[in-house]
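Report on the following structure.
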Amino acid sequence: MLDAKLLRTDLDNIAQQLTKRNFVLDTEALSALEELRKAIQVKTQELQNERNTRSKSIGQAKARGEDIAPLLAHVSQLGNDLDAAKTEQDEVLAKIDAIASAIPNLLDDSVPEGKDEDDNVEVKRWGTPREFDFEVKDHVDLGFSVDKGLDFESGAKLAGTRFVVMRGKIARLHRAIAQFMLDTHTEEHGYQEMYVPYLVNAASLYGTGQLPKFGEDLFHTDLSNKKFSLIPTSEVPLTNLVRDEIVDEDDLPIKMTAHTPCFRSEAGSGGRDIRGLIRQHQFDKVEMVQIVKPETSMTALDELTRHAEIILEKLELPYRTVQLCSGDVGFSAAKTFDLEVWLPAQDTYREISSCSNMGAFQARRMQARFRNNETNKPELLHTLNGSGLAVGRTLVAILENYQQADGSINVPTVLQPYMGGLTNIG
């Protein structure tokens with residue numbers, strides 16, 4: 001959420017900055033509500049002052065032996081008027097909050113301007129796509145040929161489209177990928193491994209920015225009077241661990257990682273990526289989250305992005321890093337780098353990680369702060385997150401890049417210890 005003070009004092013400038021995102025802020029509606037809020041606030045204060053004055057006069061009149069019934073009636077009416085004004089004030093504040101909650105984060109000045117993903121800027125390319133001397137198969141055919149290791153038909157029977165059943169060596173390879181990622185992040189990159197709930201409450205989803213705007217992208221449960229949502233990413237529970245907390249400055253940075261399933265309705269995906277693992281309702285991901293001081297967050301973004309890149313390099317998968325343009329940066333982010341891995345069957349790079357600096361946007365929604373050692377005052381934290389990596393898409397990349405002419409799959413060197421020494425599956 002943006003700073004409420006900025007919305008009151010610098011609304012036109014904020015609206016202008018948001019046009020870079022192709023977001024139109026209704027400044028007239030917000031200004032009108034703000035004027036109404038101020039008028040009601042003045043009215044409320046005047047009623048409060050008058051009631052206090054009249055209440056004091058009751059005691060004085062009683063001491064003089066005067067009839068206080070009219071004064072009591074007046075004070076009672078003032079109380080009713082005050083309650084009505086406070087109700088009106090709450091209604092106006094709720095309307096302002098509804099608008100403010102739907103306003104995306106302001107972009108960092110370094111974000112290139114652009115309309116959509118076509119305007120994203122490539123900043124790095126690593127590895128050379130492999131030249132094949134046989135017809136390349138896609139991961140769907142490759143995975144099924146290994147003992148029906150990728151079984152979309154069974155997934156559809158059990159749940160519906162965009163679900164898969166993995167078995168045998170493919171399931172083991174999927175697990176090995178996640179274990180390798182966790183070990184790298186915890187042993188080499190300094191993250192603490194976490195286990196978190198897969199169901200979260202609305203407050204958590206509001207804190208990281210999924211609610212109220214993106215509720216249709218989530219899977220929700222309704223158990224009597226308890227409502228939960230399945231996590232779309234472990235960014236949600238990990239980041240919300242600091243919600244309503246004041247962290248000691250000496251405990252920063254906080255670096256956490258978790259391997260969880262993620263659940264997404266893919267409400268806006270239409271008919272894209274129906275075939276295969278690229279866009280599933282349920283998929284695994286290893287997430288990285290950093291909680292840092294404001295002045296270190298941009299350096300932390302570079303570090304976080306590098307940690308994701310290292311995973312791809314260890315797996316020897318060609319990739320490129322792109323900086324998202326203003327029209328493609330996500331709702332809560334101030335700056336984002338995407339990593340895209342090479343998929344031979346599609347003859348293109350596809351997103352496998354998104355690494356973002358949220359600035360104070362999520363922290364303000366969560367009231368997540370740290371105590372400044374110099375001032376001894378609480379200040380808003382900065383939050384960052386990134387995929388390190390999407391496990392299913394990494395499996396896709398390995399199957400396609402490591403495929404052999406006979407349909408078998410070579411196992412990347414770094415994964416062989418996790419596969420009991422297997423060098424090839426097929």
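Placed from the backbone N, Cα and C atoms, the Cβ positions cover glycine too.
Now, the feature entries from Swiss-Prot:
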type    : residues                                               : note
BINDING : Thr233, Ser234, Glu235, Glu287, Ser387                 : L-serine binding site
BINDING : Arg264, Ser265, Glu266, Glu351, Ile352, Ser353, Ser354 : ATP binding site
Integer Å distance between the CA atoms belonging to Ser387 (L-serine binding site) and Ile352 (ATP binding site): 8
- prompt: Taking the binding-site residues one at a time (Glu266, Glu287, Glu351), which has its Cβ surrounded by the most other Cβ atoms within 10 Å?
  reply: Glu287
Neighbouring binding-site residues, C-alpha within 10 angstroms of Arg264 (ATP binding site) - of Thr233, Ser234, Glu235, Glu287, Ser387: Thr233
Message: Please give me the CB contact count at 10 A for Ser265 (ATP binding site), counting all chains in the structure.
response: 17
- request: Enumerate the residues of the same chain, Thr233, Ser234, Glu235, Glu287, Ser387 excluded, that satisfy the criterion Cβ within 8 A of the mean position of the Cβ atoms of the recorded L-serine site; list them in sequence order.
  value: Val236, Leu238, Ala258, Thr260, Cys262, Lys285, Val286, Met288, Val289, Asn385, Gly386
- prompt: In angstrom units, rounded to an integer, how far apart are the Cα atoms of Glu351 (ATP binding site) and Ser234 (L-serine binding site)?
  reply: 18
Task: Mind giving me a neighbour count for Glu235 (L-serine binding site)? Other Cβ atoms within 10 Å of its Cβ, every protein chain shown.
output: 29
Distance [Cα-Cα, Å, rounded] between Ser354 (ATP binding site) and Glu287 (L-serine binding site): 10
Task: Taking Cα atoms as reference points, rank the binding-site residues Ser265, Glu266, Ser353 by distance from Glu287 (L-serine binding site) and give the first.
output: Ser353
Query: Where the record says Arg264, Ser265, Glu266, Glu351, Ile352, Ser353, Ser354 bind ATP, what is the longest distance in Å from one Cα to another among those residues?
result: 19
